Structures are given as C-alpha cells and as structure tokens.
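Copied over from TrEMBL, here are the features:
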type	residues	note
TRANSMEM	A:7-26	transmembrane segment
TRANSMEM	A:67-91	transmembrane segment
DOMAIN	A:68-260	domain 'ABC transmembrane type-1'
TRANSMEM	A:103-124	transmembrane segment
TRANSMEM	A:136-159	transmembrane segment
TRANSMEM	A:180-205	transmembrane segment
TRANSMEM	A:239-260	transmembrane segment
Amino acid sequence: MTRRAPVMTHVFLLVGGVAWLYPFLWTLGSSLKSTDEFFGRGLDPLPGTPLWSNYAQAWQGASFGQYFLNTLTITVATVLITLLVTAMAGYTLARTEFPGKGLVLVAVAATVFLPHGYTIIPIFDIMDGLGLLNSLWSIIIVQSAGGIVFGTFLFMGYFRAIDRALEDAARVDGANFHQVFWRIMLPLAGPMLATVGLFTAISAWNSFFIPLVFTLARPELRTLGVGMYAFIGENSTDWTLLCAGSVITLAPIIAIFLVLQRFFVNGLAGAVKQ
Amino acid sequence: MTDVRLAARPRALSTGTVSGLWRRIAAARWSYLYVLPMLVLLLAFVIYPIIASLGYTFYRWDGIGEPGDFVGLANFSRVMTDGIFWGALRNTFFYVLLVVPIQLVLALALALVLNNRRLRLRTFYRTLFFLPVVTSAAVVGVVVQLLFSNFGDVVNDVLMSLGLTHEYIDWLGDPNFAMIIIIGVGIWHTLGYNLVYFLAGLQTIPDELYEAARLDGAGAFACFRHITVPLLRSVGVVIVLLSVIGSFQVFDLVQVLTNGGPYFATEVVNSYIYHLAFGGFSGSSVDRDVGLASAASFFYGLLLIVFAVVQALFLRALVRRRGGRA
C-alpha cells in the first residue's frame with residue numbers, strides 16, 4: 001500500500017469529491033441567483049450575476065438574523081456549560097475517592113443502557129415548572145444535559161491518563177483542591193476541551209428536535225434549523241432566500257470544523273479504537 | 001485523594017463507623033461540589049424523565065393538563081396492534097438494512113484508497129467526504145427537497161431519454177421513491193463517520209505486514225483478504241454496531257423531507273412517536289396521545305436494546321470463530 005498513487009486515483013477522488021459536495025455548491029450558487037435565474041439555470045450551481053441582496057433579505061425580512069443570533073447564543077452557552085460541568089465531574093471521578101462514587105458511576109453508566117421513553121414531555125414539564133419555557137435557557141439546559149454522559153466519560157479517560165506525580169508535586173507545594181484542578185489539570189486538558197467543545201458545538205448548532213419542540217409556540221426563539229423548516233411551510237416559493245438561509249446555517253459550522261477538524265477526527269478515531 | 005481516605009481510616013475505627021463516614025464525606029466535600037452540577041443535570045433531565053415517561057404509558061392523555069384517564073397496560077397492547085406502528089417499524093428496518101451495508105462498503109473502499117501514505121492531499125480528500133457529517137440533517141433535508149421539487153423533472157428527462165421510465169416520477173410524492181431518496185441522503189450524510197472509523201482501524205495495522213506479504217508474492221487482493229480483513233475485524237464490529245444504532249434513530253431527515261408521508265410510506269418509528277405526541281401526521285387526523293407515544297417509545301427502546309445485545313453477541317461470536325480459523 002505504499003506505492004505512489006496513480007493520477008487516475010486523484011482524478012477519481014477529485015471528481016467524486018466535487019460530486020459529493022454538489023448539494024452544498026448548488027446551494028451556495030443558488031443563494032446568489034434571482035428567481036428567474038433559479039429556474040433558468042436549474043442544476044447549474046453558478047449564478048449569472050451574483051445577487052447579494054438575497055442575504056440581506058434573508059437576514060432581515062425572513063428573520064434569519066434573529067435565528068442566527070438564537071443559534072449562536074444556544075451553541076456558545078451549551079459549549080461553556082457542558083465543558084465546565086463535564087471537565088469538573090470527569091476530573092473528580094477519575095482522580096478522587098469519595099463515599100458514593102460508585103453510585104454516581106452506576107447512574108452515569110445506566111443511562112446508556114436504560115430504554116429511553118418519550119422523555120421530552122417530562123423535560124418540557126420541568127422547564128414549565130422552572131418558568132423557563134419562554135427563553136432560550138430551556139434549550140440550552142436540555143442540550144447541555146444531553147451531552148454530559150459522553151463528555152464526562154471522555155474527560156474521565158483523559159484525566160486518568162495524566163501522570164499523578166504532577167498533582168502530588170502541586171499538593172506538596174501547598175496547592176489546594178481548586179488550585180490543582182484549575183491551575184494544573186484543566187490547562188493540561190486542552191486537546192480534550194477542544195474535542196468535547198467541538199462535538200458539543202456541532203451537535204448544538206445542528207440540533208433540530210429539541211429546539212423544534214421548545215419553540216412550537218414561540219417563533220421568535222427558533223434556531224436556524226427550525227427556522228428553515230418553518231420557512232418551507234410558510235413561504236414555500238422563496239427558493240433563493242431559502243438557499244441564502246441554508247448558507248447562513250451551514251457556513252459557520254463548516255468553517256469551525258475546518259479550523260479544528262483534527263480534534264474532531266482524533267476524538268472519533270479514539271472512540272472506536274478503545 | 002486516596003491519601004485523605006487512608007488518613008481517616010484509623011480514626012474511624014476508634015470512634016465508630018458513622019462518624020468515620022461523616023469525616024470521609026466532609027474530607028471529600030470539594031469532590032461532591034465538583035460532581036454536583038453533572039449529577040443534577042443527569043438526575044433532572046436524563047434519569048427522572050425516563051422514569052416519568054414510564055408513568056405516562058399507563059394513561060390515555062392528549063398532553064394537555066394532567067393525565068387522569070388511567071388505562072393500565074392498554075397503551076402497550078394498542079401499540080402492538082397499531083398498523084401504523086408496525087408500518088413505521090418496517091420502514092425503519094428497511095432504512096437500516098439498506099443504509100448500513102451500503103454505507104459501510106463505500107466507506108471501507110474509500111478508506112482503503114485514502115489509507116495510502118504516499119497519496120498526496122489525503123487529508124484534503126478525507127475532509128471533502130467527511131464534510132456532510134458536520135452539517136444539520138434538517139438543512140440537508142431542505143436543500144434536497146428544494147432540488148427534487150424544482151428539478152426532479154431534469155432527472156426524469158434523463159431517465160426517459162435512456163428509456164428507463166415512461167412516465168414522470170413525482171420523486172418525494174411517490175411512496176417508493178420517497179423512501180429511496182431518504183435512504184440515499186442518509187447514506188451520503190453520515191458516511192464520513194464510518195470513513196474516519198475505518199481509517200483509524202486501518203492505521204493500527206503495521207506496514208511491515210504488508211511489506212512482508214508482498215515479498216512473499218501476495219497481490220493486493222490477497223493482502224486485503226488475509227491481512228486487512230482479519231486485523232480490521234474487532235474495530236469493524238464496533239463500527240457496525242455504532243452504524244446500526246445511529247441509523248435506528250433516523251428522524252430529522254424524514255421530518256423535513258416528507259413528514260412521514262405520502263400515506264405513512266416513509267414514517268419511521270421516531271417520526272411516528274413525534275406525530276403521536278405533538279400531532280401533525282401527514283395526511284391524516286390521528287389525535288395526540290402522549291400515553292401511546294410513551295408506550296411506543298418504551299417498546300421501541302426495549303426492542304433496540306434486545307437487538308443490540310443479540311447483535312453484539314452474534315458479531316463477537318463471528319469474530320472469535322473466524323479469528324480462530326485464521
């Protein structure tokens with residue numbers, strides 16, 4: 001498998017790759033078409049004369065600006081909460097002993113094996129009880145809770161592998177519990193923070209079901225995904241605006257992924273190798 | 001904090017176990033504080049809802065107000081006898097049975113091509129094929145719907161000129177083709193996961209094995225058959241399991257592309273449960289019934305666990321038997 005790849009391999013991969021991403025290229029091109037061009041040019045992804053006003057119209061007229069802000073708020077808050085909660089729990093479960101620890105570990109592991117019923121209804125009731133139904137907080141909290149088992153497991157594995165001598169040395173120097181975690185261990189967990197953060201960001205940005213349920217009665221809280229879905233139902237003919245909305249939804253997460261992809265890919269690869 | 005526990009133990013013996021336990025708890029107070037936020041989220045939004053939704057299965061309830069109409073296990077027997085549920089289950093299995101094998105074969109083939117260390121731009125190619133994974137299924141559904149509803153006729157023209165069909169196909173409005181489109185998009189959307197998994201598996205195989213085999217005169221196929229396949233088996237089992245479990249959860253694509261229609265032709269179990277709980281069955285007016293939705297969800301959850309365990313045992317047995325022979 002170490003022979004030099006023939007030119008045909010590259011041709012195959014390039015043509016295949018472009019065809020693979022054709023739906024995205026077509027969406028990008030069509031977001032700059034006029035309605036006439038949209039039908040005239042059909043499956044040709046290139047616009048004749050780029051019409052940038054589609055974006056302004058989608059952003060303001062079709063509320064995609066509001067949806068973008070909602071999605072961004074939810075994603076940033078969910079990532080911060082998930083990282084904080086799972087890093088703290090993962091560290092404590094990996095490196096400290098306390099009565100009841102076994103019980104906590106069982107509770108975490110059990111959620112993987114229990115059959116999940118239709119849990120969205122009781123979750124909805126709790127949010128109603130907390131008076132959070134009319135804010136983005138309901139979505140943020142539910143999204144954060146959804147990722148904690150996965151994140152806690154990843155941080156537990158990561159902290160368990162760090163040399164104990166570092167912690168012991170810090171304790172000898174008089175560092176207390178908090179200083180050991182915040183000043184020594186957390187800064188060492190950079191790659192895992194990036195991995196869990198990126199997984200959480202992608203799942204929060206792309207989440208559909210949870211924001212769909214929590215915004216059924218509150219259109220102004222919609223995320224981009226839910227906004228797109230609602231847009232088809234309400235203005236089913238504004239195709240070019242819908243394409244602009246798609247680009248607004250897809251571009252940021254693709255950009256973040258391209259910058260941080262090695263953390264994502266390494267995280268996935270680590271998951272199957274274990 | 002093992003040191004703290006060890007230090008506390010001798011004193012615990014002399015003053016009684018209760019105060020000893022208290023001392024250990026007090027000594028570990030920061031551990032509790034650090035685990036607490038995770039535990040609160042877990043109990044309130046993961047474990048409690050699982051238990052509470054089990055409670056709903058005993059009521060006939062439209063989701064408004066408090067559940068009051070106790071029906072015992074009737075919801076479970078209703079699920080068992082509901083034709084729409086079985087249809088949705090059949091559609092889900094159809095989806096999984098087509099998506100998983102096709103996706104795995106394509107991903108493995110692509111991984112074998114990209115695993116060549118001498119291939120330039122391999123990271124770039126991997127990124128190209130991986131990219132759909134990071135995009136939202138809902139938006140992908142919108143784009144695909146846009147393409148087919150406006151330009152499906154372009155495909156029809158091609159098919160007709162080739163003599164493959166004699167009438168225009170209403171792609172997403174046709175019960176058979178709608179499901180095929182969902183399956184095709186499903187394969188495309190998550191293939192990248194399996195590509196990365198297979199690449200990770202392939203990289204655990206040492207190059208020396210291939211070199212030695214080649215010196216012995218083994219061709220590319222022999223290398224694949226006698227080195228790659230046996231050594232990829234244990235990672236392969238995990239990949240198959242993950243792929244099956246993921247495919248059974250299909251929802252977003254169906255909801256956005258067809259809403260389960262036409263006439264329940266693409267209704268999968270998760271969209272069936274959603275429609276029961278929140279209304280909006282495509283082309284029919286079935287009343288909301290949260291009790292029935294919860295019962296269906298539990299039944300499906302149990303089914304999947306049984307299925308996963310059986311599959312894991314079966315695959316493990318397969319690996320062990322083949323491994324012993326090779």
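Including glycine, each Cβ sits where the backbone N, Cα and C put it.
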Same-chain residues near the transmembrane segment (A:136-159), Cβ under 8 Å, at least 6 residues beyond its ends: 70, 73-74, 77-78, 81-83, 85-87, 89-91, 93-95, 108, 111-112, 123, 127, 185, 189, 192, 195-196, 199-200, 203-204, 207, 210-211, 214-215, 221, 223, 267
Contact set, same chain, for the transmembrane segment (A:180-205): CB under 8 Å, 6 or more residues outside the stretch: 71, 74-75, 78-79, 82-83, 86-88, 91, 95, 143, 146-147, 150-151, 154-155, 158-159, 162, 166-167, 170-171, 224, 252-253, 256-257, 260, 263-264, 266-267
Residue numbers, six or more beyond the limits of the transmembrane segment (A:239-260), whose CB comes under 8 Å of its CB atoms: 24, 27-28, 30-31, 33-35, 38, 51, 54-55, 57-59, 61-62, 64, 68, 71-72, 194, 198, 201-202, 205-206, 224-225, 227-228, 231-232
Intrachain residues whose Cβ lies under 8 Å of the transmembrane segment (A:7-26), provided they are six or more past its termini: 43, 45, 250
